[in-house]
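Over in TrEMBL, the protein carries these features:
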| type | residues | note |
| --- | --- | --- |
| BINDING | 9, 89, 92, 117, 118, 168, 226, 251 | S-adenosyl-L-methionine binding site |
| DOMAIN | 1-241 | domain 'Tetrapyrrole methylase' |
């Protein structure tokens with residue numbers, strides 16, 4: 001049996017009782033480590049914290065393991081119970097849907113234990129979840145690769161008066177382009193996109209269009225470490241949020257569409273105030 005278990009957003013305590021019961025009876029436990037991270041990351045101390053509560057040793061599964069070598073732990077799940085732990089909810093990333101398809105094609109039984117994810121936790125800011133359009137991902141730009149496929153989706157959402165959730169790039173154990181060209185993988189240091197970078201890139205793309213779907217005066221909501229004890233939520237214009245120091249990752253951004261009075265009242269609680277840390281011109285707090 002393959003158990004795909006959501007861990008929630010904060011720390012090791014956010015797992016559900018049903019999920020914890022499943023983990024404790026599994027012979028092998030893997031944790032997916034590239035679509036999201038818990039608040040304490042995946043350091044040795046962080047893993048030991050999980051292992052102590054869950055009562056099982058945990059193997060980190062990076063992108064390469066899940067997308068290219070999944071048959072190994074899927075084969076294990078044919079004859080024993082295997083847990084695959086996912087930060088947030090199991091179906092918050094298409095990779096995990098693909099894993100279910102592959103498991104079923106191999107005749108492996110699958111059970112899913114759901115949990116909170118960024119897709120519903122953003123409701124804390126007061127914007128109604130049913131008034132969101134298509135979610136977009138904002139990747140890190142490079143000198144030679146500056147994709148803008150997200151722009152049309154944001155434009156369509158805004159034309160319908162809908163809010164847009166922007167998921168910001170996470171790069172963990174990603175091979176460098178140069179190493180791939182040489183045929184020998186070398187991995188880049190981990191990188192987590194910040195709200196400030198996301199807004200800079202969004203504005204760059206918007207300026208390429210004659211009548212941009214958004215600009216520096218467009219209202220947004222920035223989220224950092226959502227679901228953690230030190231989560232940070234700030235509402236303001238793109239210009240305002242670009243100057244805010246949101247601190248440690250993970251970050252995400254919502255571009256606000258047409259709002260109702262109750263939504264506006266809730267957003268007022270998160271409006272930028274003088275006690276919110278600002279960045280200096282060089283990007284530091």
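A Cβ is built for glycine as well, from the same backbone N, Cα and C atoms used for every other residue.
Projection of TrEMBL feature records onto the structure.
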{"residue": "89", "record": "S-adenosyl-L-methionine binding site", "Cβ contacts under 8 Å, 6 or more apart": "6, 114, 115, 116, 117, 119"}
{"residue": "92", "record": "S-adenosyl-L-methionine binding site", "Cβ contacts under 8 Å, 6 or more apart": "35, 36, 86, 117, 118, 119"}
{"residue": "168", "record": "S-adenosyl-L-methionine binding site", "Cβ contacts under 8 Å, 6 or more apart": "137, 138, 192, 193, 194, 195, 197, 198, 250, 251, 252, 253"}
{"residue": "226", "record": "S-adenosyl-L-methionine binding site", "Cβ contacts under 8 Å, 6 or more apart": "9, 118, 121, 122, 124, 233, 250, 252"}
Using a 10 angstroms cut-off on Cβ to Cβ distances, just flag whichever of 9, 118 is the loneliest among these binding-site residues.
118
Between 0 and 100, where does the mean pLDDT of the domain 'Tetrapyrrole methylase' (1-241) sit?
89
